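Heads up, the thing below is written out as structure tokens.
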Amino acid sequence: MNLLIVESPAKAKKIQGFLGSGWTVRASVGHVRDLPGSGQTIPEKYRALPWINLGVDVEGNYRTVYLVYEDKKKIIRDLKHACKDADEVLLATDPDREGESIAWHLAQELGLKAPKRVTYQEITETAIKKAIANPRSIDMNLVAAQESRRILDRLVGYGSSPLVSKALGTSDKRRSHSAGRVQSAALMMLAGREHARMGFASASVNGVKVRIGTAPEFQATLIRLGTQTIATPASFGPDGALKADAQEHLLLSSAQAKEAAGILTNSSLTVVQVSKKPLVRRAPAPLTTSALQQAASKLKFSAKKTADTAQRLYEQGLITYIRTDSPALSDEAVRLGQNVLRELFGAQVLPEQVRRHAAKGNAQEAHEAIRPTEFTAPEQTGLEGDELALYRLIYETTLASLMKDAAGERTSVLLDSGKGHLLAAAGTVITDPGYLQLLKDEEDGEEDASLPALQKQQSIPCVGAEVTSAQSKPPARFTEGKLIAALEKVGIGRPSTYPSILGTLQNRGYVVNEKGALHVTPLGLVATGYLSVQLPSIVDRHFTARMEEDLDRIAGGELRATTYLDTVWKNGLALSIAQAGVAAPQVAVPGFPGAVLSSKNSEVTLSYQGRTAILHEKVLSEELTEKNLERLMNGQAVRGQRASRPKTTGSKSSTRKNTSLA
DNA sequence: CAGTGAGCGAGCTTCCGCTTGACTT
């Protein structure tokens with residue numbers, strides 16, 4: 001009897017089916033132990049160590065202590081038992097840095113003398129059997145890279161969190177605030193957008209739109225009057241003034257706009273230019289975890305709900321592994337998908353060559369893309385509700401990724417009134433729909449209407465004209481999906497952690513999700529204000545990318561882990577943390593010179609024109625308008641809430657808004 | 001003599017990443 005240990009129970013069950021009797025396949029169910037955490041009882045033999053709470057002895061060559069998680073003790077017991085009956089034990093955890101680490105931790109806990117490690121890239125009978133025939137030893141360089149990552153995250157998190165708490169004036173440790181390599185960088189991205197919005201000055205601009213009485217009708221927009229280009233919302237910068245390259249643009253007064261509309265109505269226009277450009281809409285890539293979480297926002301799923309629903313589909317064997325950063329499809333998947341497509345649409349929807357998609361950021365590519373395992377048609381699965389909707393999304397996106405791009409033509413025309421007005425219109429025509437036959441365009445952009453066939457010099461009638469008024473818009477707040485995409489792009493966070501990053505930011509009171517838009521709270525603004533001044537390297541979004549490069553060098557045996565930690569921690573961040581002040585930061589409110597956010601006793605205060613008010617934790621930055629500032633200073637309610645809440649005396653119940661994701 | 005404040009020490013929390021269910025908003 002041989003024993004094979006993997007991470008996921010569902011995977012264990014499947015592999016057991018391939019191997020049959022003679023093999024026992026068990027799951028570790030993820031990591032089994034970690035540095036000591038809060039609420040964990042420290043064994044007697046470690047209690048005297050002064051650094052045991054941290055779990056790392058910085059002065060002692062970064063020696064670590066690991067404890068088995070409370071809920072994994074039974075698993076370790078069972079695995080030990082299984083080891084006794086086994087002739088051979090193979091560690092088949094995932095083929096990436098964390099998986100190698102899990103294998104090593106298992107070997108330690110199970111007391112394996114010469115641990116045997118096997119890896120495979122896909123779960124097929126041949127791949128598993130080939131892997132089993134070629135065991136190797138544990139790659140200790142890769143384990144060291146993982147441990148460096150773990151240690152650095154612990155040191156940064158435990159080192160900086162107390163500073164943030166002090167700066168926010170928090171004395172009660174139970175309401176302690178937090179900072180970390182991932183959460184703080186994510187919060188900075190959100191805060192940057194929030195600042196841009198607060199400082200944004202909207203500009204309003206007039207325009208003229210006309211209806212052309214061809215068959216079919218179409219619309220055109222006035223773009224030049226005489227020799228001057230007409231300003232549009234895009235001509236303005238975030239300060240509400242014309243951009244440098246738009247200084248000469250003409251701001252139409254409403255009288256000018258009305259006059260132009262009057263002249264154009266029932267006039268005759270001449271086509272002066274017709275230009276056509278080929279247009280290609282790319283078929284989507286197969287789904288990664290982050291891509292699925294973004295795509296599922298169309299179904300109004302949160303990242304957490306998507307993860308939970310996908311997990312259930314995975315456990316039913318309907319889809320492949322769900323936490324992946326690779327968009328690659330196996331040859332088997334391509335073959336199965338193409339068979340379905342030939343049946344549904346015929347061979348002409350298949351491109352001549354199958355596209356291969358490259359992974360992004362610091363992808364580790366331990367698994368293939370998320371896809372249907374057997375390509376069972378959605379209605380044949382017996383699923384319903386959320387599970388059916390998500391399965392259908394995965395099914396259709398995977399098939400679409402194997403189809404041709406959509407092709408068409410974009411036509412732009414210029415029209416002249418002969419009286420100094422130049423107008424423009426554009427239209428698109430899709431000639432080969434390709435993947436669009438299966439999947440609606442996810443960009444959801446307004447489709448340009450199609451234009452009639454037009455010839456240069458042709459005369460066409462303008463049958464109506466109206467004055468329009470448009471406003472320049474501030475950059476939109478992040479949605480969950482957009483933030484996850486932004487994090488993935490710079491390599492921050494991992495597929496297994498995206499939903500929990502959002503959960504942490506909300507549970508800490510830094511971020512509120514209102515109708516899908518992520519708002520940074522005043523507390524979050526003060527926290528980022530502090531971090532960006534005192535500990536800029538921690539909130540730097542490129543910190544992780546540099547860390548990944550160094551971890552790769554550790555994994556490649558070119559850099560010693562202790563050397564790395566000395567450079568980055570002992571001679572770097574540890575010094576910054578030791579020197580950082582703990583005074584509450586004064587955060588300016590863009591758009592209101594003199595208005596300052598600060599924090600005292602965990603409460604955010606707003607000072608303006610010599611007065612100070614305590615902000616209710618639900619007051620958001622968008623409510624800091626001129627009118628509301630005055631109300632807040634007078635202690636009046638904003639948006640139906642009290643600006644300053646009465647002191648809760650005696651009660652120990654947390655007043656923090658509960659924003660769990662469930 | 002009662003109330004206040006400084007100083008001290010004990011106890012608590014904080015990070016990220018890998019897996020599933022258990023369990024209250």
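The backbone N, Cα and C atoms fix where each Cβ goes, glycine too.
Just so you know, TrEMBL annotations never went through curation; they're auto-generated.
TrEMBL has this to say about the protein:
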{"type": "DOMAIN", "residues": "A:1-125", "note": "domain 'Toprim'"}
{"type": "SITE", "residues": "A:H31", "note": "site 'Interaction with DNA'"}
{"type": "SITE", "residues": "A:R149", "note": "site 'Interaction with DNA'"}
{"type": "SITE", "residues": "A:R150", "note": "site 'Interaction with DNA'"}
{"type": "SITE", "residues": "A:D153", "note": "site 'Interaction with DNA'"}
{"type": "SITE", "residues": "A:Y158", "note": "site 'Interaction with DNA'"}
{"type": "REGION", "residues": "A:178-183", "note": "region 'Interaction with DNA'"}
{"type": "ACT_SITE", "residues": "A:Y321", "note": "active site, O-(5'-phospho-DNA)-tyrosine intermediate"}
{"type": "SITE", "residues": "A:R323", "note": "site 'Interaction with DNA'"}
{"type": "SITE", "residues": "A:R508", "note": "site 'Interaction with DNA'"}
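Counting every protein chain shown, 17 other Cβ atoms lie within 10 Å of the Cβ of A:Y158 (site 'Interaction with DNA').
Of all the recorded sites in the record (A:H31, A:R149, A:R150, A:R323), the one with the smallest CA separation from A:Y158 (site 'Interaction with DNA') is A:R150. Secondary structure by DSSP for the region 'Interaction with DNA' (A:178-183): 3 helix, 0 strand, 3 coil. The CA atom of A:R150 (site 'Interaction with DNA') is located 24 Å away from the CA atom of A:Y321 (active site, O-(5'-phospho-DNA)-tyrosine intermediate). The recorded positions A:H31, A:Y321, A:R323, A:R508 include none with a CA atom within 10 A of the CA of A:R149 (site 'Interaction with DNA').
Cα to Cα, A:R323 (site 'Interaction with DNA') and A:H31 (site 'Interaction with DNA') are separated by 15 Å.
Taking only the Cα positions, the spacing between A:Y321 (active site, O-(5'-phospho-DNA)-tyrosine intermediate) and A:D153 (site 'Interaction with DNA') is 27 angstrom. Long-range neighbours of A:H31 (site 'Interaction with DNA') (same chain, six or more residues apart, CB within less than 8 Å of its CB): A:Y69, A:K72, A:E98, A:S101, A:I102, A:H105.
A:D153 (site 'Interaction with DNA') sits 18 Å from A:R508 (site 'Interaction with DNA'), taking the C-alpha atoms as the reference points.
Long-range neighbours of A:R508 (site 'Interaction with DNA') (same chain, six or more residues apart, CB within less than 8 Å of its CB): A:H177, A:S178, A:Q183. DSSP places the residues of the domain 'Toprim' (A:1-125) in helix, strand and coil in these numbers: 48 helix, 24 strand, 53 coil. Taken residue by residue with DSSP, A:D153 (site 'Interaction with DNA') is part of a helix.
Under the three-state DSSP scheme, A:Y158 (site 'Interaction with DNA') falls in the helix class.
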